[in-house]
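K.L.:
For reference, TrEMBL lists these features for the protein:
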type	residues	note
ACT_SITE	K195	active site, schiff-base intermediate with substrate
BINDING	R205, R216	5-aminolevulinate 1 binding site
BINDING	E232	Mg(2+) binding site
ACT_SITE	K247	active site, schiff-base intermediate with substrate
BINDING	S273, Y312	5-aminolevulinate 2 binding site
Amino acid sequence: MVRPRRLRGTAAMRRMVAENRVHPADLILPAFVREGVSEPVPIASMPGVVQHSRDSLRKAAVEAAEAGLSGIMLFGVPEEDKKDAVGTPGTDPDGILQVALRDVRAEVGDALVVMSDLCLDEVTDHGHCGVLDAEGTVDNDATLERYAEMALVQASAGAHVLGPSGMMDGQVGHVRRALDEAGHQDVALLAYTAKYASAFYGPFREAVNSSLTGDRRAYQQDAPNGREALRELELDLAEGADMVMVKPGLPYLDVLRQIADASPVPVAAYQISGEYAMVEAAAERGWVDRERAVEETLTAFKRAGADLILTYWATEFAARLR
Ligand code: PBG
């Protein structure tokens, strides 16, 4: 009799036949750094995640490298009164994200791939991912100019990889040209290729002290559309994306699988703030086993075809694997 259960009987047997496993090198830690604080500030909706001080970020980067992670993705949280309509802290060479990039590069050198979020929502007073026109709509092409300027200061500050995440049309090509013309031809782009307007970004708003009212549905993808992600993939590849990403993670595993099957470049999945918060909250109530739930979600990304996973559990999980 055929008995698939034969291969499930012991932990050693299951380990031997596992089709997918998560390796520390698959993992990238997203990290927030807040201007003007001397101690890390907890993020209530993301238990265990903080807005780092410059010092605590450096320590977190060292721990990430020691745990064997591949990279760290930095998000800057400027002082509230520095935000404005065009996101000036994003292009200030001494803006918090640029300062943090220099700090982390000074600390870890090339031991981690140091990445930065290339978007305006952390630095604008209206919280949108771009600059607004007279009607209050995000102006695609005016935003591209801002992204190009941001890309240059982030590259100059030492980022190895930039993550254009605003879902503006043409953003990858525009940023690529600006980098190349300025001599930053070796800085890579991790394109947020299929990025969906999602309820699961909720805790991120607290993480970056976002001032957003309304939502991002007019520029991020709409949940019902899977095929459209392949069109975004084609465009990002044509524009020069070095790696592509699907975001959020768990609600879009089908999209991840489609992109993984079609992409000739490495594919990342971003397990976002609300996915993290959901598991942490349920675990806190004793409703799910935290460690098993974390492992199961990360394994799901590998099974769906991800090469890389951005997760707030990256360092903890990698340490567990050691
Ligand atoms: C854009 C950006 C966002 C996230 C990563 N980059 C927010 C958004 O697009 O609304 C969300 C990450 C998360 O929720 O964990 N700067």
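Just so you know, glycine gets a Cβ as well, placed from its N, Cα and C.
Mind mapping these onto the model and telling me what they sit next to?
P.N.:
Cβ-based neighbour count (10 Å, all protein chains) for K195 (active site, schiff-base intermediate with substrate) stands at 26. In three-state terms derived from DSSP, K195 (active site, schiff-base intermediate with substrate) belongs to an extended strand segment.
In the shown protein chains, 15 other C-beta atoms lie within 10 A of the C-beta of R205 (5-aminolevulinate 1 binding site).
There are 24 other CB atoms within 10 A of the CB of E232 (Mg(2+) binding site), with all protein chains counted. According to DSSP, E232 (Mg(2+) binding site) is assigned to a helical segment.
For K247 (active site, schiff-base intermediate with substrate), the same-chain residues lying six or more positions away in sequence with a CB closer than 8 A to its CB are S165, Y192, A194, K195, Y196, A269, Y270, I272.
Cβ neighbours within 10 Å of Y312 (5-aminolevulinate 2 binding site), excluding its own Cβ and spanning all shown chains: 25.
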K.L.:
Below 8 Å Cβ to Cβ and six or more residues apart, same chain only. Which residues does that give for R216 (5-aminolevulinate 1 binding site)?
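P.N.:
Set apart from R216 (5-aminolevulinate 1 binding site) by at least 6 residues yet with Cβ under 8 Å, we have H128, C129, M167, A197.
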K.L.:
With respect to ligand 1, which members of the binding-site residues R205, E232, S273, Y312 satisfy a Cβ distance under 6 angstroms to one of its atoms?
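P.N.:
Only S273 qualify.
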K.L.:
Could you check what DSSP calls K247 (active site, schiff-base intermediate with substrate) once collapsed to helix, strand or coil?
P.N.:
strand
K.L.:
Nearest to R205 (5-aminolevulinate 1 binding site) in three-dimensional space, by Cα, is which of the binding-site residues E232, S273, Y312?
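P.N.:
Out of the listed candidates, the nearest Cα belongs to S273.
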